[in-house]
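Q: So TrEMBL says this about it:
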- A:33-105: domain 'Phosphoribosyl-AMP cyclohydrolase' (DOMAIN)
- A:Asp80, A:Asp82, A:Asp84: Mg(2+) binding site (BINDING)
- A:Cys81, A:Cys97, A:Cys104: Zn(2+) binding site (BINDING)
2 protein chains.
Amino acid sequence: MTLDPAIAARLKRDPQGLVPAVVQQYDTGEVLMVAWMNDEALHRTLTTGRATYWSRSRNELWTKGDTSGNVQLVKSAALDCDGDTILLRVDQVGVACHTGDRTCFDAGELPVSGAR
Amino acid sequence: MTLDPAIAARLKRDPQGLVPAVVQQYDTGEVLMVAWMNDEALHRTLTTGRATYWSRSRNELWTKGDTSGNVQLVKSAALDCDGDTILLRVDQVGVACHTGDRTCFDAGELPVSGAR
């Protein structure tokens, strides 16, 4: 399988050939997680409707939910203005985080002393 | 200025010492943009309430809106489960994108043939 050349030409990959993907619950707007994609992961995501990423720790493609059941059904995708980030809007089945939290940011609040 | 050591210890930076920051409009949930932070950018963001990033192209700190007026007032911040991504919830004054679009993803829709 090969990524559409017209899309591939717009991608600005990092030195590892990857772009970050921001994953958002399509109806509530929750930011669920950030993962990484190479061309093959993006191709599979766009053509199968199941969010697929490149694991930087395991050096392999992973389709979210294959082992956990917590699949992400893709509703839409967009590339940003300079082609180096993807926004994926999905319907998250179950939870997004391996900790069991709904999102990967639920437990990580940082203090903002200068909040406006 | 130095980042709180308790926060610095939780950060997993890339080889350039950076982490990506997903920037979200706090009330509507729009994902506005993704930018990059080093320790100093995060420290300034948390303590001044104005979103501040590291520019990978110009190799310098930039406080969003300093030249455009399109400032980002920080409402909250969170670190993800593995410490390598920040979610910043802001009130975006004006537009986020240098193209004049509200978000950096407005013009970049990708075709999802397998959308569920």
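Glycine is no exception: its Cβ is also placed from the backbone N, Cα and C atoms.
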Q: Long-range same-chain neighbours of A:Cys97 (Zn(2+) binding site), Cβ under 8 Å, sequence gap at least 6?
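A: A:Leu32, A:Met33, A:Thr103, A:Cys104, A:Asp106 - these are the non-local Cβ neighbours of A:Cys97 (Zn(2+) binding site), listed in sequence order.
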Q: Output, ordered by sequence, the same-chain residues six or more apart from A:Asp82 (Mg(2+) binding site) with a CB under 8 Å from its CB, or 'none'.
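A: Listed in sequence order, they are A:Lys12.
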Q: Just to be sure I understand the packing, how many Cβ atoms besides its own are within 10 Å of the Cβ of A:Asp80 (Mg(2+) binding site)?
A: 23
Q: Provide the three-state DSSP residue tally for the domain 'Phosphoribosyl-AMP cyclohydrolase' (A:33-105): helix first, then strand, then coil.
A: 10 helix, 29 strand, 34 coil
Q: Same chain only, sequence gap of 6 or more: which residues have a CB within under 8 Å of the CB of A:Asp84 (Mg(2+) binding site)?
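A: A:Asp84 (Mg(2+) binding site) has long-range Cβ partners A:Leu11, A:Lys12, A:Arg13, A:Asp14, A:Val19, A:Pro20.
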Q: Which of A:Cys81, A:Cys104 has the fewest nearby Cβ atoms, counting only those within 10 Å, among these binding-site residues?
A: A:Cys81
